[in-house]
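**Student:** One structure, as C-alpha cells, below. Some questions next.
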Amino acid sequence: MPSALKALLLLAVSPLLASQVPGSSSAAHRCFCQVTGHIDDCTCDVETIDAFNNQKLFPKLQKLLQSDYFRFYKVNLNKPCPFWTDQSHCGLRDCAVKPCEPDDVPEGIRADGLRHSEAPGTDLQECDEAEKLGAVDSSLSEDTRRAILEWSRHDDEEERFCVADDEESPDSQHVDLLLNPERFTGYKGPEAWKIWNSIYEENCFKPYTVKRPLNPMVSYTKKAFYRWLEGLCVEKRAFYRLVSGLHTSINVHLSARYLLADNWYEKKWGRNVSEFQQRFDANLTEGEGPKRLRNLYFLYLIELRALAKVLPFFEQPAFQLYTGQPEYDKDVKSALLEVLRLARSFPLHFDETSLFAGDKSEAAELKEDFKKTFRNISRIMDCVGCFKCRLWGKLQTQGLGTALKIMFSERQIEALPKSTGSKPGFQLTRQEIVALFNAFGRISTSVRELENFRSMLQEVP
C-alpha cells in the first residue's frame, strides 16, 4: 500500500481509535485531566499533595478535630447582614443549627473561651482581672483606663484578616461542630448566588467590566477574564485563587454529603456523583471545573504553610488546650504538635516570600488592601440565609483569615519569648485556633474526597 494512502487511512481511523481508549472520554477524565502536575505560582504538584494528605495528614487531623477542644466553636449566628436589608432566612429544616446547652460544653471552655496560655488550675476570675487591668496603671482615671483597653482591642483587630464575633455577646453560643456537620441543606438559587457574586464581583480586586466565567447574572467573555487574571500581580492573583479554592472546597463538601434519601424510614447522606459533575465536569462547566479544583490545591498549600509556621507558638510550655481535664488536655496537645510537625515536614511548601516583596511602602499598602478586602468577605458571611451554611462559612473564612495572619506574622512568631513570664507579641484566641484547624480539616477532607469521586467517576461514561 502506498505510504500516502496509509497516511490518509490512519487519519481517518485515529478518531475512532481514540474514542475507544479506556477513560479518554470518561467523566473522570473530563473532571480531572487538568488536575495534575505543577500548581501555578508554587513549586509543588497535585500528586505530592494527594499522597501527603490522604496517606499521612488526613487521618491524624480528623482524629484531632474530634477532641473536645476543637469540636466546640463559639459563634454569633444572629448578626444582621451589614450590606443589604432584603435578607430572608432559609426555612428548610436542614438549614437549622442546634446550639449547645451550657452543660454540654466542657467546664474549661465554658468558663473562659479565650484562655489557652495558663497552666491548668489557674483561677480564671483572677486571670480575667489580670488581663483586663494588669497592664493598665491603676492610678489612672476610669475613663483613661477604658480608653487604653479600647486601644488594645483595636490593636488586636488590626492584626486580623477577618471580623471576629464578640465572644462575650449574649447572642454568641457554643456549637458542637460534630453534631452540626457541613452538608447539602437545599440552600441554593438566587439567594446563594447573591453571596458569591458579592464576594467575587466586589471583593476580588476585579473591575466591574470584567465578569467571571459562569456568572448566571451576566454575560461574559472568558478570554477577557483570564487576560485580566493573568495580568494581576501575584498577590491579587493569589487572593482570587484563595477565594475560588474556598468556594470549590465547600462545593466538594456539599457533593460528598448530599441528601440521597429522605422518607419516613430513612434519611441517607452520601456522595452525589451527578452533583459533583455539575460543578466540576469540564464539559458541563465550559472548562471551568478543573480550574476550580486546581485552586483548591493552591488553598491547601497556603493553609498548610501557615500550620508549619505557627508551630513555635503551640510549642510554648505555657500553651494549654484547656478544657478542665488535665490529662486529656495534655494528650490533645501532644496530638496537636504531632499534626503540626507533620505539616512542617512537607517537602514542597508554598514560598510566601514571593508575596509583598517589592517596594516596602507599596507592599505595605497592598497588604493592607488585601487585609481589608478579606475582612469584607468575612462580614458577608453574616448575610448567608442558611444558618448551617452561615456557621461553616464564618468558620472557614475565619480559619483562612487566621492562616493569613500567621503567614504575615513571621517576625512576631520568631520573637516569641522563651520564658513563661514574658508577654508574647503574637497571640491567637481560642476561637481563631478552633477555626484554623477545622477550616484546614475541611480542605483536607475535600482533597481526600477528590480521590473518592475520581474512583466513582471511572464508571461513569
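Keep in mind that glycine also has a Cβ here, set from the backbone N, Cα and C atoms.
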**Student:** Pick out which of CYS383, CYS386 TrEMBL lists as the disulfide partner of CYS389.
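**Tutor:** When TrEMBL is consulted, CYS389 turns out to be bridged to CYS386.
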**Student:** Which one is it: of the disulfide-bonded residues CYS95, CYS386, CYS389, whose Cα lies the shortest distance from the Cα of HIS247 (FAD binding site)?
**Tutor:** CYS389
**Student:** Greatest CA-CA distance (Å) over the residues ARG183, THR185, TRP196, SER244, HIS247, ARG279 that the record ties to FAD?
**Tutor:** 21
**Student:** I'd like to know which of the recorded positions TRP196, SER244, CYS389 sit within 10 A of CYS95 (disulfide bond) at the Cα level.
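**Tutor:** So the list reads CYS389.
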**Student:** Counting distance between Cα atoms, which of the binding-site residues THR185, TRP196, SER244, ARG279 is nearest CYS389 (disulfide bond)?
**Tutor:** THR185
**Student:** For CYS386 (disulfide bond) and SER244 (FAD binding site), determine the Cα separation and express it in whole Å.
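**Tutor:** For CYS386 (disulfide bond) versus SER244 (FAD binding site), the Cα atoms are 20 Å apart.
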